[in-house]
Amino acid sequence: MFGVMLSVGTYPCLNLCFALAEEQDHLLQHQPDQPENPKVLKVAIIGAPNAGKSTLSNQLLGRKVFPVSKKVHTTRCKAQGVVIHEDTQLIILDTPGLTSPLKAKRHKLNESMLKDPWESMKHADIVLVLVDVSDHWTRNCLSQEVLKCLFQFPQIPSVLVLNKVDLVKKKFILLELITELTEGVVNGKKLKVGSDMKHDSHSSAKTPPQIAQASPPENRAHETHRLQETDKVQEGCSLDSSSDMESSLVTEEVQGPKPCEYRDLKNMKGWPCFREIFMLAALSGEEVDTLKRYLLMQAKPGPWEFHSGVLTNQSPQEICDNIIREKILEYLPLEVPYSVHQVTEVWEEGPSGELLIMQNLVVPRKSHMEILCPYCTSPSAKTRRCSASTGKSLL
Ligand SMILES: Nc1nc2c(ncn2[C@@H]2O[C@H](COP(=O)(O)OP(=O)(O)OP(=O)(O)O)[C@@H](O)[C@H]2O)c(=O)[nH]1
């Protein structure tokens, strides 16, 4: 075993988390406070690795709670974040990227990375399916894992969220993607993409599209309640009137069997049962508020599950591990082995509440150590306080 010691100095986000650690334990263990007419909604966020699930979760929460990095599989297990707005509590279920058992085996991923998205679905009232529209390889179809998940839980209302629209120059492509990812059906209605829009090159240079909704959220409370109560789809997908794609998507009632009853998974590219479509850029927060307002309106009367003082169900240790892993993934040039084991060596609170945390990163192979600390085996290692022979290095 080789160990790499990594020191983390003061971290503003950590300060607050840990200053409140004891209080958080107390809040998690006791009955949550309740407003007069509490409402609640559990929102699962699923999608392929790197689609931006944790970035979106953090934006919805208004705080950095979940780890984010440009490398895949940053999220290793499910975690919950809590949003409170007036009498409504949204519980955000962030999940690891959906992956196949074969890939999980090949990359030696934890079992939680395979199981947790499914576990979160079991508890969800609504599911957001995130698609990275900047990824040319994956954006045209939902992965088999995502489709399997949706098929397994067809009763959970699903919402398609096209993320990273800031990276798409030709905005008309988004309309084509919507058609493919929904199999041309949204909310029980067929989509028709206007031919004027489909090849309108003028739209390519314009600003990112607005959120895809039939009417402004504030007018929709009644409509969405009706939709949930009767399961009778009335609304279609159109685009916001301020969008450069206005009127390009029109809808028409679907005849015949319900599209959700189709079972030929292998031949499916999209999911014809999405209730809504949103287009946003989670990184900049663009249009995230519109999605948040929509979610708040979907909440149903019911007791809050968390005390209003709780931001996440993660323990301080989990938050610390996540932040350190996030930094390793973000700053090291190579893929980081999944088998890295984090062991906390020092955990000290300073006089003004700041924390000094040191972790040993324990890896099973020397080659892994070189990935984590490229200087460890270089001739100048000693000057960097690294020593492969002792098995400990200070980054
Ligand atoms: N340009 C751009 N980048 C984004 C956006 N949303 C997320 N990203 C970036 O995409 C990368 C992956 O984001 P994450 O939030 O870690 O993705 P994830 O789906 O949680 O990833 P996994 O943990 O692998 O499942 C990060 O580098 C983010 O900064 C966006 O709207 N625009």
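Heads up, the Cβ atoms here are built off N, Cα and C, so glycines get one too.
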Of 22-25, 86-89, 94-97, 382-385, the range TrEMBL labels region 'G3': 94-97
Of 73-77, 108-112, 363-367, the range TrEMBL labels region 'G2': 73-77
TrEMBL annotation of region 'G1' - which of the ranges 31-38, 47-54, 311-318 it falls on: 47-54
Annotated region 'G4' segment (source TrEMBL; candidates 119-122, 163-166, 283-286): 163-166
Stretch-averaged pLDDT - the region 'G3' (94-97): 86
Counts of helix, strand and coil residues, the region 'G3' (94-97), according to DSSP: 0 helix, 1 strand, 3 coil
DSSP residue counts for the region 'G2' (73-77), split into helix, strand and coil: 0 helix, 0 strand, 5 coil
Three-state composition of the region 'G1' (47-54), taking helix and strand from DSSP: 2 helix, 1 strand, 5 coil
